[in-house]
């Protein structure tokens, strides 16, 4: 696991995905551990690694979207509590593996949509922030919190997708934003599972003990490297990671029913992210039209 988390912590520091995006598939698909153990370990590791990256972000004075962090946390906390008590128990281990792979593959498609838009205009922060935008961020936080409840990761990719595709915020701002959000939610999830529920397995604690030095060191290094690497390079790493996860899932010989559901989730996710991107283009044009009207009034 320390070797796995070297790569996982680097990915967490560089991209919008937490270390759980690496740890969860390795622990469930390769080591064949229970998804609950993988979820808890992901939260525990990210509570150290992502908070270490947070120190790096503050030290380097990296810009982030404060509203996305605040509204995301406000939604993710109740979302996690609901998910861990009511959503997570509904599914078997195989179904959780399937959902993890499907959702993250859909995210890879979303990232592909984003990178396919050459020289697209972006914002440093969400433009013309208002009530409905805050509400969308809050709902995104709830959905991400539910994903965190069964996979140990989710709030990061949910918020990254909405902030970049819908509100057209630059990846340079969105990535540290999701990093901060992931760190805070992971700390809460770790505390809630360990203190309020008190049923984190001994296996998760043992894996956590041997990976603390790794995640505490490699995640900030990942943040530093991510600030210097081209976004296409980072995107390529994510594509490779998702292909590996999808391949690993198929190698476990899932039933045709699970494969069919996985394909349906991926297609639905792709369609959803496409619609979000299209609506984002509409918002961008409206924002540009408003700016033009303001400029004309100033000239007049």
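Just so it is clear, glycine is given a Cβ too, placed from its N, Cα and C backbone atoms.
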Students should find that the transmembrane segment stretch in TrEMBL, chosen from 257-277, 278-298, is 257-277
When counting C-beta pairs under 8 angstroms to the transmembrane segment (257-277), the leading stretch of 66-87, 99-116, 233-251 is 99-116
Ranked by Cβ pairs within a distance under 8 Å of the transmembrane segment (66-87), the first of 43-60, 99-116, 136-167, 207-226, 233-251 is 136-167
Lying 6 or more residues past either end of the transmembrane segment (99-116) yet within Cβ distance under 8 Å of it, the residues of that chain are 17, 21, 24-25, 28, 35, 91, 147, 150-151, 154, 157, 161, 164-165, 171, 231-232, 235, 238-239, 242, 245-246, 248-249, 261-262, 265-266, 268-270, 272-274, 276-277
One stretch in 43-60, 207-226, 233-251 has more Cβ pairs under 8 Å to the transmembrane segment (136-167) than the rest, namely 43-60
